[in-house]
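According to Swiss-Prot, the protein carries these features:
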SIGNAL    1-25  signal peptide
DOMAIN    35-100  domain 'Sushi 1'
DOMAIN    101-160  domain 'Sushi 2'
CARBOHYD  Asn122  N-linked glycosylation site
CARBOHYD  Asn142  N-linked glycosylation site
DOMAIN    270-469  domain 'VWFA'
CARBOHYD  Asn285  N-linked glycosylation site
CARBOHYD  Asn378  N-linked glycosylation site
DOMAIN    477-758  domain 'Peptidase S1'
Amino acid sequence: MGSNRCPRLGLVPLILGLLSGGVSMTPLPEARPQSPCSLEGIEIKGGTFHLLKEGLVLEYVCPSGFYPYPVQIRTCRSSGSWSTLQTQDRKIVKRAECKAIRCPRPQDFENGEYWPRAAYYNLSDEISFHCYDGYTLRGSANRTCQVTGRWDGQTAICDDGAGYCPNPGIPIGTRKVGTQYRLEDSVTYYCSRGLTLRGSQRRTCQEGGSWSGTEPSCQDSFMYDTPAEVAEAFLSSLTETIEGVDAEDGHIPGDQQKRKIVLDPSGSMNIYLVLDGSDSIGARNFTGAKNCLKDFIEKVASYGVKPKYGLVTYATDPKVLIRVSNPKSADADWVTEQLDKISYDDHKLKAGTNTKKALLEVYNMMSWGVNNFPDNWNRTRHVIVLLTDGLHNMGGDPVTVIHDIRDLLNIGRNRKNPREDYLDIYVFGVGPLVNQENINALASKKDKEQHVFKLKDVDNLEDVFFQMLDESRSLGLCGMVWEHKDGTDYHKQPWHAKISITRPSKGHESCMGAVVSEYFVLTAAHCFTVDDEKHSIKVSLGGKKQEWEIDQVLFHPNYDLNAKTAKDIPEFYDYDVALIRLSKKLKYDQTIRPICLPCTEGSNQALRLPLTTTCQQQMQELLPAKDVKALFVSELTKDHRKILTRKEVYIKNGERKAACERDALQAQGYEKVKVVSEVVTPRFLCTGGVIPYADPNTCKGDSGGPLIIHKKSRFIQVGVISWGVVDICKRQQQAPSYARDFHINLYKVLPWLKEKLKDEDLGFL
């Protein structure tokens, strides 16, 4: 590998993140044995072994698909003998052997059945889940046992939607206590003996209908995350943190290719790099760790943001090389230069390991920000990255400093505003010596995010950084807005497009649309006629005076407004969707940016969904079988000027769906229609009405605009405004209860979107 890459660091395990001491699965000896432990009779049947820590630790290694039984690690005791081979039940075993990896069975499954039922499952075995009547399946209906000992896919959950929060489910291998999902109700998870719980043991139903913490799983000591899984999950969470600064802290993003954020004096995000330089690391691994941190800085810089960096190296005592108060701390190139200058010999004379003292320096830097910028400190996000072997031998438990940091940043105190988004602690355990319980205790726990990882070896760690740096897909800025108080309407709705069609002797018509890529605007097909010429169609974006000319309008091939005139249905809006191709490529800026389309990598990332998430699973996340909060943007006139206003509606996707659709028969021109399915096909989403809330209705000029779901500070288009039962803008009185609006469901026209947008680098799933 080149010198600018994170090299192979040998077999000493490294931790990227925060790791408390005592990382071996079996405690490491406090003193060297009087004589070396003998290697006679320690072989493992079906595998091999190698020595770590200068012969003080032995690791058993098995072929792919097998794991060492009864233990993976043995330590050389002070008596000169190896630690005993015994199971989790303390049963003594005479000889180690490699056993076939199996996946755990479901401990329980609520409101449904799974098949086949077995005591255990071998690699490639499949299991299927089905729900009882009245319950809807979320997650994966079919799952396969993988070579890692984990099931692929996502937790299968049968839910009737009756709770304030959705059923959190029972991940395979866990047991759940608690079946009430009301506000502030809690559920608790447990693992079988010998397995370690990763994630949140206790989760609480919060305001807004989400669960605190992160979904738990039960891990065996032989289980590892793959580099692809780690890179994807880490990038997804890191991107959310970085782009959240963009969206929420009021800094205007630049164009798509040169995204930069000019921070105010307090900074919008601080990243603290803490590097272990104790004698247990070694010079070669210290140098390799530096290069990994350089890769990390490069990845952050690729997002175009400029966080402030703090840099600390430590052994017995810490050395603060860069403070976030330094004016140059936001210069990534300068930070990299300072990182290059540090040497392993800096701590040669005092080479103990005092992780707690190093983290106290991080605490002190945070305190500086709180004390010096009282008006801005609560808008600064903090990310801590520590590289160490995790073996602290002085100073006490570093976890206590994490509690102090949370208190300082006012995190977790206020139930209505817990501020968890303002601190991210990523824990990367590498190698066989990792104590999974310890690293889990330190990692951040956030819904649908993963902050704790365990990698097999440093080669895998290198692969993680390689995939982070070399992934070719766009991480995307779709669905991002600038919500600052000084932002214009188009900062807050940067995808918004106004479409004007001029027809000689027939006047002027207006529609709306949404920017979905650098060349395309998505809108409704009925805005156009076959006689419209492209020079008569103009698109306005970003609130600018400039008008964009178009190259062509692409209609869905199944759209035919007159398809049912023979059945006395004068207008039929099925497949009412069109794409406008602009004649020139857009240059994104703070007022012109794309909205997220469903079933793309960008929308998956926006929702913080796992690598394996399918289009169907994403749809279940965005459009569950219940009323779904959404919004559309309407143009109003106020004080003689046009303003854009968001209007909140509910998509009737559950028990109210049928009643919503039936009201379509109240529309003018549909008096003779007897069967609602003649005009409302499965491709429509329905909003409006007065139950459970009085929804605002669209006006005629809103046609073609996006129906949007706002989630995780991102905006994802799920529909195109098509038609309404009543044009309420022409009425002076209150809208009737049957005033409904219908929108083309984008999930139902995805094949067409994928075909027409295949060259737009959107990464359709």
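Backbone N, Cα and C define each Cβ position, glycine as well.
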Rounded mean pLDDT for the residues that make up the domain 'VWFA' (270-469):
82
Could you check what DSSP calls Asn378 (N-linked glycosylation site) once collapsed to helix, strand or coil?
helix
Please report the DSSP secondary structure of Asn122 (N-linked glycosylation site), reduced to three states.
strand
Could you tally the C-beta atoms, other than its own, that fall within 10 angstroms of the C-beta of Asn378 (N-linked glycosylation site)?
14
In angstrom units, rounded to an integer, how far apart are the Cα atoms of Asn378 (N-linked glycosylation site) and Asn142 (N-linked glycosylation site)?
44
Any same-chain residues 6+ apart from Asn142 (N-linked glycosylation site) with CB under 8 Å of its CB? Would you list them in sequence order, or say none?
Glu126, Ile127, Ser128, Phe129, Gly153
For the domain 'Sushi 1' (35-100), residues assigned helix / strand / coil by DSSP:
3 helix, 28 strand, 35 coil
Give the helix, strand or coil assignment DSSP yields for Asn142 (N-linked glycosylation site).
strand
Long-range Cβ environment of Asn122 (N-linked glycosylation site), under 8 Å and at least 6 residues apart:
Ala100, Arg102, Cys103, Cys145
